[in-house]
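Visitor: According to TrEMBL, the repeat 'WD' annotation covers 22-63, 66-108, 191-225.
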Amino acid sequence: MASQYYQEMQDSFRNNNKSREFAAHSAKVHSVAWSCDGRRLASGSFDKTASVFVLEKDRLVKENNYRGHGDSVDQLCWHPTNPDIFVTASGDKTIRIWDVRTTKCIATVNTKGENINICWSPDGQTIAVGNKDDVVTFIDAKSHRSRAEEQFKFEVNEISWNNDNDMFYLTNGNGCINILSYPELKPIQSINAHPSNCICIKFDPTGKYFATGSADALVSLWNVEELVCVRCFSRLDWPVRTLSFSHDGKMLASASEDHFIDIAEVETGEKLWEVQCESPTFTVAWHPKKPLLAYACDDKDGKYDSNREAGTVKLFGLPNDS
């Protein structure tokens with residue numbers, strides 16, 4: 001029996017399954033993220049910039065482009081409770097903190113290596129950044145100074161705090177999830193999550209589950225309290241690059257080089273919907289208040305030059321008549 005939620009969301013997507021794209025960058029978009037209030041979407045790109053859009057009804061209106069990095073902006077995230085501040089991680093060995101009110105860079109923090117991962121602690125006090133040499137640096141969000149630095153002996157993929165802010169999770173190249181105490185950074189547990197490279201990790205907003213995606217094309221859902229795998233989602237055929245839980249924690253979007261984004265019901269693993277794409281997907285992010293999914297793919301600009309990257313950001317979940 002399909003759940004009531006499943007029926008409601010299927011009905012909703014039947015009437016709201018339009019995707020629309022918005023020009024954002026001059027090269028591919030690596031990362032998209034919503035501000036905590038859902039008013040703005042930020043995107044980071046290979047073109048060394050970040051863009052910020054304002055969500056107006058059924059469209060994204062470009063507000064600003066943020067320049068300053070000397071290399072690709074690989075990941076970005078917003079302050080967990082301040083909707084005006086976001087941070088970008090770049091291959092230029094810096095992170096930059098930006099304020100949308102002044103459209104200026106508040107701080108540039110120099111780091112030791114080429115940065116590929118970034119996340120903000122739920123309490124807003126610390127930014128963690130991971131680089132290509134598997135070093136994770138913990139930066140004080142107010143003083144912009146390094147608080148701690150950890151060199152890992154394994155390939156660090158994605159990093160995240162738990163929702164309670166007292167543990168720090170890393171996914172690694174051996175298929176494991178490593179859990180450290182925070183702020184002590186003492187190893188608590190290592191879970192063999194996947195037979196191959198464990199790529200991404202996300203916590204659900206309700207704090208009940210976290211999900212990991214791996215190179216074996218599986219998404220696994222874990223109970224936070226018991227650290228046991230509750231179920232697996234196996235509709236993708238390629239390594240899972242990106243994950244996002246919906247605001248109510250009831251849907252999980254996952255994407256890869258497959259030409260669709262899988263939207264699953266968390267509690268049953270059932271497929272709720274799939275979003276068709278013309279190319280591999282780099283990043284997905286559900287809106288923090290409604291069933292609207294931002295995403296970016298490796299699209300080419302077919303109109304003029306099939307080799308040129310389109311650099312667009314897309315929204316799924318718009319009314320079919322919009």
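Each residue, glycine too, has its Cβ placed from N, Cα and C.
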Visitor: Tally the residues of the repeat 'WD' (22-63) by DSSP class, grouping H, G and I as helix, E and B as strand, and everything else as coil.
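Guide: Per DSSP, the residues of the repeat 'WD' (22-63) fall into 0 helix, 26 strand, 16 coil.
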Visitor: Would you kindly list the residues that approach the repeat 'WD' (22-63) from elsewhere in its chain, counting only those six or more residues past its ends and only Cβ-Cβ distances under 8 Å?
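Guide: The answer is 69-84, 86, 88-90, 92, 98, 100, 282-290, 292, 294-296, 298, 309, 311-315, 318-319, 322.
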Visitor: So what's near the repeat 'WD' (66-108) in sequence-distant terms, Cβ-Cβ under 8 Å and 6+ beyond its ends?
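Guide: For the repeat 'WD' (66-108), the list is 30-31, 33-37, 39-40, 42-52, 114-124, 127, 129, 131, 139, 141, 144.
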Visitor: Looking at the repeat 'WD' (191-225) alone, can you tell me the average pLDDT?
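Guide: That region's mean pLDDT is 95.
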Visitor: When the repeat 'WD' (191-225) is classified with DSSP, how many of its residues are helical, how many are strand and how many are coil?
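Guide: Per DSSP, the residues of the repeat 'WD' (191-225) fall into 0 helix, 19 strand, 16 coil.
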